[in-house]
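Enquirer: This is the structure I want to talk about, given as structure tokens.
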Amino acid sequence: SVGFKAGVKEYKLTYYTPEYQTKDTDILAAFRVTPQPGVPPEEAGAAVAAESSTGTWTTVWTDGLTSLDRYKGRCYRIERVVGEKDQYIAYVAYPLDLFEEGSVTNMFTSIVGNVFGFKALRALRLEDLRIPPAYVKTFQGPPHGIQVERDKLNKYGRPLLGCTIKPKLGLSAKNYGRAVYECLRGGLDFTKDDENVNSQPFMRWRDRFLFCAEALFKAQVETGEIKGHYLNATAGTCEEMIKRAVFARELGVPIVMHDYLTGGFTANTSLAHYCRDNGLLLHIHRAMHAVIDRQKNHGIHFRVLAKALRMSGGDHIHSGTVVGKLEGERDITLGFVDLLRDDFVEQDRSRGIYFTQDWVSLPGVLPVASGGIHVWHMPALTEIFGDDSVLQFGGGTLGHPWGNAPGAVANRVALEACVKARNEGRDLAREGNEIIREASKWSPELAAACEVWKEIVFNFAAVDVLDK
């Protein structure tokens, strides 16, 4: 006899354990599971737990060489999704020993690796993760965090203002630098490389870095304010990425940028460590996120990608606007904005938060609202996101009829007016338009911007909404 019973047995016999009491050190996951017809939810939930931890499709004799009870993932609860006839939320607990310390890459390889192609499931979505303090403590997290960034920039009591330079591709380095100067001179705190600006034939990275550094130092001297431009260090190799970050540091600029999903978590974490060691802020763009998070029944919810970024490291991340051209429902967006900024967030299913999360003082990340926003949105953005945010107007700055600098002036005046009104106790949600109109009486730049964008709306319902 070989000493073990060969063959295939149902996952639920080993991996479905409704009596399990979760531990403080477990990583907890909430999966939205859509089983194939005829597959019971317990078997589907157990299959997810098995395939994302120790299981394989058949019994193997090497199972006897380890303690499966110590290492296996466990599906400990299953809930039916309200309003859906074949969807369930399966809760899975993973022992901490399954994961390498300080590695988002390894965590995701286990939890969202092969299991998403599993035949017994029609669809699978990771809705949320609870990262235990014991695991959080193995990560550096954001290079600096919100308070250190404010201290570096000497900017307090208001959201920060940014602008993505457009057209995103095709400008020469000198013309690009000119646009950066005009926007910063007009009153913005930051300008930004677009996510797909790396080092193309029309504008090599080194030329762009030099002209942008010249632009921001000139604007800094003339305004007396600290300025920044997000220099995109994303590259084809990690070595090249770090080389670009080193050059940015040598120029003396305050901030660089990375596309964390296309660049990858390993590269991102390396860059975040470099940025902390060398005093650079790190702006994160989420290019490719909607491929992963847009579908309601399959993929990974952005709140999980946001948590992963806070662990991997970044001082800013794009988070949707609620009011602009890109996807984002208000309660869901504010749920993951709190997960980015706050030290402790309570479970709140009305905002899509499945687990209480304690970040044990890991630095916070500034959410960046960007995409199809303009001066009329300023009161809503100020009210929704509060002071600890970056409001980024690309077309809403560069599309101003009088040019880039007046576009920047219009946005700065609108922001200052909204912050002043809020501090005086006015209701931005109700009086927003009136506040902007009042401010435009003494700012011709704002008046012109108000006229151009008064009719622009993006009336599409969000795809990713809460279960009712």
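Yeah, the Cβs are placed from backbone N, Cα and C, and that goes for glycine too.
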Enquirer: Quick check on the annotation: Swiss-Prot has ASN114, THR164, LYS168, HIS318, SER370 binding substrate, so which of ARG80, ARG204, ARG286 does it put in that site too?
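Expert: According to Swiss-Prot, the candidate sharing the substrate site with ASN114, THR164, LYS168, HIS318, SER370 is ARG286.
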Enquirer: Just the number: how many Å between the Cα atoms of LYS5 (N6,N6,N6-trimethyllysine) and SER370 (substrate binding site)?
Expert: 58
Enquirer: Which recorded positions from the set ASN114, THR164, LYS166, LYS168 come within 10 angstroms of HIS285 (active site, proton acceptor), judged by C-alpha positions?
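Expert: So far as Cα distances go, none of the recorded positions lies within 10 Å of HIS285 (active site, proton acceptor).
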Enquirer: Excluding LYS192, ASP194, GLU195, which residues of the same chain place their Cβ within 8 Å of the centroid of the Cβ atoms of the recorded Mg(2+) site?
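Expert: So the extra residues in range turn out to be THR164, ILE165, LYS168, ASP193, ASN196, VAL197, TYR230, ASN232, MET257, HIS285.
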Enquirer: Which residues in the same chain, at least 6 apart in sequence, have a Cβ under 8 Å from the Cβ of ASP194 (Mg(2+) binding site)?
Expert: THR164, ILE165, LYS166, LYS168, LEU169, ASN232
Enquirer: Go through LYS166, ARG286, HIS318, the listed recorded positions, and name the one with the sparsest Cβ surroundings, counting other Cβ atoms within 10 Å.
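Expert: Least crowded of the recorded positions LYS166, ARG286, HIS318, by Cβ count within 10 Å, is LYS166.
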Enquirer: Under DSSP, is HIS285 (active site, proton acceptor) part of a helix or a strand, or is it coil?
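Expert: Looking at the DSSP assignment, HIS285 (active site, proton acceptor) belongs to a strand.
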